[in-house]
Amino acid sequence: MTMDLFDGASTLESQEQLAPGAVLLRGFAAADERELLSALAEVITQAPFRHMRTPGGLPMSVGMSNCGALGWISDRAGYRYGPVDPLSSQPWPPLPEVFLQLATHAAERAGFSRFVPDACLINRYEPGSRLSLHQDKNERDFGQPIVSVSLGLPVVFLFGGLSRSVPARRIGLMHGDVVVWGGPARLSYHGVLPLKEGFHPLVGSQRPNLTFRKAG
Ligand code: SIN
Ligand code: FE2
């Protein structure tokens, strides 16, 4: 398998354990790329990407949206999940079937057999966008994993430990790669280095990322 960061996608499916409870599924989403991208486009027409503000008032560099019963929101009031898109005052669009199938199959492959996500945070990285090291901890049940699907441009994903001081591994993620972390790794610190310029033949100059969660 090639590890060239500038390849369009992983050429073969493979599996690598990053830590107990954390698995990298190379190329797991590649076969569904077209269905995933068209479902994503449909969601985004209903709930467009926006730059949410941190509780401190700064706009985030990553464009965000959600689908599913609950969506992740950040604003002056803090971080939380809610059923309504604050832009439209409508419920978030439902989880497309192809999203749900992919997320549950990836979780199963990683050893989490009863994952039923109710939230999908959609991050859109453009060149320069980054996500600093954080834990996903606004969900109610840490017994359920996080499933993260990478599309579009390659990026360096940081995967650390349970405290900020544990040095983070740097993992090149490509179009079609899926990372699952749960169990003892559920509260692992993770983040994304600034996206480099580039062009992906199906997705253009961006990196959409889907993270599936059981939030409520
Ligand atoms: C996230 O932590 O919400 C997203 C991670 C990623 O973009 O790979
Ligand atoms: Fe996260």
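Keep in mind that glycine also has a Cβ here, set from the backbone N, Cα and C atoms.
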Query: TrEMBL has H134, D136 down as binding Fe cation; which of H175, H190, H200 does it also list for that site?
result: H190
- line: DSSP puts the residues of the domain 'Fe2OG dioxygenase' (116-216) at 3 helix, 43 strand, 55 coil
- request: Using Cβ-Cβ distances, find the residues under 8 Å from H134 (Fe cation binding site) that belong to the same chain and are at least 6 apart in sequence, listing them in sequence order.
  value: Y189, H190, G191
- request: With an 8 Å cut-off on Cβ-Cβ distance and a minimum sequence separation of at least 6, pull the same-chain contacts of D136 (Fe cation binding site), or say none.
  value: I146, L187, H190, T211, R213
Field: Within the predicted model, mean pLDDT of the domain 'Fe2OG dioxygenase' (116-216)
entry: 98
